[in-house]
Amino acid sequence: MFGNRRERRGGLGLLLLLERLMSVGNVGPITLLTIAGQSLLYMGIINPPWHSYDVCLSGEAILRYKNYRRLLLSAIEHSDDIHLYHNMVSFLFKGKTLERLFGSVKFFILLVVFTLATSLTYVGLAWAATEYFKSYSYMRECAVGFSGVIFALKVLTTHYERSHYSQVMWFTVPSKYAVWAELLVIHILVPRASFIGHLAGILVGVAYVYGPLSGVVNAIHTTVAGPPRPPYTYAHGTTRGYTYR
């Protein structure tokens with residue numbers, strides 16, 4: 001689209017992702033477009049004027065070099081097809097649930113806010129780790145991928161589903177601890193995965209469920225879509241009741 005900077009890429013992960021999409025049933029438009037956009041970007045069909053390594057997120061890139069575009073662009077890039085597959089399949093089921101719950105407009109706003117908030121939290125954690133451990137290596141760790149946002153969404157799905165227990169790999173754990181258990185399991189099984197990025201996502205999800213971030217999302221949604229309107233149900237000319245969503 002903008003030049004020939006990327007080679008066309010494929011891989012088994014893309015085929016597995018397509019198979020999963022075809023078998024999952026109805027998917028909301030924002031969820032589907034998010035998956036399609038990141039897949040086409042990885043494949044090189046969408047060809048922007050940057051490469052994935054140009055926009056990886058690090059504390060140094062933001063705080064020292066002021067490369068603020070990485071706060072958004074790093075989240076939509078992936079290192080390989082298996083990385084893309086695991087992230088998009090995980091996002092597929094969370095997005096399907098939350099887009100149906102919030103509606104497409106609010107879910108889109110949620111994704112944008114979560115992406116920025118997760119990236120900013122990542123930078124803050126990298127700085128804090130550098131100060132605490134006296135090692136500048138944390139500021140230079142560079143990450144790409146949507147997994148931080150996915151961890152934030154997992155906090156929401158666990159909260160709204162209200163189930164008492166969740167399955168994490170081979171273990172059944174209380175749902176309120178599931179996202180923390182998954183953080184540890186992934187860190188043990190996949191040491192290359194960004195622990196700070198995943199932790200940042202969890203903290204953002206917690207800030208939405210228990211903190212002020214839901215107010216930010218709601219305020220933006222009200223500005224964009226207007227205040228919620230109560231749906232009325234009529235029977236024989238009489239209003240039977242209304243509810244707010």
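Placement of Cβ uses the backbone N, Cα and C atoms for every residue, glycine included.
Here TrEMBL flags 68-210 as domain 'Peptidase S54 rhomboid'.
The transmembrane segment annotation in TrEMBL covers 21-45 (among others). Tertiary proximity for the transmembrane segment (21-45) is limited to same-chain residues at least six positions away from its ends with a CB under 8 Å from its CB atoms, namely 6-10, 14, 76-78, 81, 84, 87-88, 91-93, 95-96, 99-100, 104, 107-108, 111, 146.
The transmembrane segment feature in TrEMBL is assigned to 107-130 (among others). For the transmembrane segment (107-130), same-chain residues at least 6 beyond its ends with a Cβ under 8 Å from one of its own Cβ atoms are 28, 30-31, 34, 57-59, 62-63, 70-72, 74-75, 95, 98-99, 136-139, 141, 143, 148-149, 152-153, 194, 196-197, 199-201, 203-205, 207-208, 213, 216-217, 220-221, 224.
TrEMBL lists 142-160 (among others) with the feature transmembrane segment.
Long-range Cβ contacts of the transmembrane segment (180-210) within its own chain (Cβ-Cβ under 8 Å, at least 6 residues beyond either end) map to 57, 114, 117-119, 121-122, 124-126, 129, 138, 141, 143, 145, 147-156, 159, 168-169, 171, 173, 217. The transmembrane segment annotation in TrEMBL covers 180-210 (among others).
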Inset, instruction - Average the pLDDT scores across the domain 'Peptidase S54 rhomboid' (68-210) and report the rounded value. - result: 95
